[in-house]
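Asker: Dumping the structure here so I can ask a few things about it.
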Amino acid sequence: MIKQRTPKKVIQATGVGLHSGEKVLLTLRPAPVNTGIVFRRVDLSPVVEIPASYEYVGDTMLCTTLHHGKVKIATVEHLLSALAGLGIDNAYIDVNAPEIPIMDGSAAPFVFLIQSAGIREQNAAKRYIRILKPIRVEENGKYVQFLPHKGYKITFTIGFEHPVFNDRPQTVSFDFSGTSYVKEVCRARTFGFLSDYEKLRECDLAKGGSLDNAIVVDDYRVLNEDGLRFESEFVTHKVLDAIGDLYLLGSSLIGAFEGYKSGHELNNRLLRELMIRQDAWEYTYFDTENYLPAVHPEYYPVEA
């Protein structure tokens, strides 16, 4: 049986909010079986809980933002990506601000945080969503789709007419039966164009944005002194984002996802379309009588 997982102990981290520029304290806590991932705004009285669910996504401009009434938590995708990548099913995430800290712009600091807390298996079967039929959402030449697949595979293409991108599309594909999220995906940082960053500053946004937490590109080159961490970092970050956005289904996936020049909005629309099409998916669990999905060994049993 593939079991549910939760952090072994409470652990904290501090960072800066990308848009507020203010210091944020994040606390990761273990949670009982079948809790799911739950964000908590502990700076409010009473504390407001927001489940990590596609139904609570209220804004997808620049990042994925969860809303519960007038309360929000922004930039959840990198942390969710790390939780998904390490197979964490249940956790409480306490924050004292309306956004998750941006850290270095990747999911690697969150992976380190979770690994530092330790991972504990729980006495309940992990739930998966298995894709049974193709589902596709498209708009203005961009698209996202789910396809049936025995394991979990993500393919993404970006395209920018810019010298840094060699004026042509970039594509990567990760099949997680043989790919390590920790080694090959989590270190990819978010990226943006200097011209857009300046416009955001004028709108009182991106106050916490810097070369320390994003790859910044001007009209010709990458401005970060150390350049890229690896050649496919731009498009791999889009895979990282997608993994986080897809985890808002509340379960790990058995299927293939393809994104073409898409972003958080299309990702969320795809989740909503999938849930409506109940003939296109099913919940499944894996025990000794059921076949195991093709997933990387880092998902398999850990020390209790």
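Here the Cβ of each residue, glycine as well, is placed from N, Cα and C on the backbone.
The annotation active site, proton donor is assigned in Swiss-Prot to H264. Summarising the annotation, Swiss-Prot assigns Zn(2+) binding site to H78, H237, D241 and lists sequence analysis as the type of evidence.
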Asker: So around the Zn(2+) site, H78, H237, D241 aside, which residues have their CB within 8 A of the centroid of those CB atoms?
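Answerer: Sorted by sequence, the hits are E77, S81, S106, A107, A188, R189, T190, K238, V239, L240, G244.
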Asker: Report, in whole Å, the straight Cα-to-Cα distance of the residue listed as 'active site, proton donor' from H237 (Zn(2+) binding site).
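Answerer: Cα-Cα, rounded: 12 Å.
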Asker: Can you tell me the CA-to-CA distance separating D241 (Zn(2+) binding site) and H264 (active site, proton donor), as a whole number of Å?
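Answerer: For D241 (Zn(2+) binding site) versus H264 (active site, proton donor), the Cα atoms are 8 Å apart.
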Asker: In sequence order, which residues at least six apart in the same chain have a CB under 8 Å from the CB of the residue listed as 'active site, proton donor'?
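Answerer: Once residues fewer than 6 apart are set aside, the residue listed as 'active site, proton donor' is near T60, C63, T64, E77, D241, D245.
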Asker: Give the three-state DSSP assignment (helix, strand or coil) for H78 (Zn(2+) binding site).
Answerer: helix
Asker: Going along the chain, which residues six or more apart from H78 (Zn(2+) binding site) have their CB under 8 A from its CB?
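Answerer: In sequence order, I100, I102, M103, G105, S106, A107, F110, T190, L240, D241, G244 meet the Cβ cut-off.
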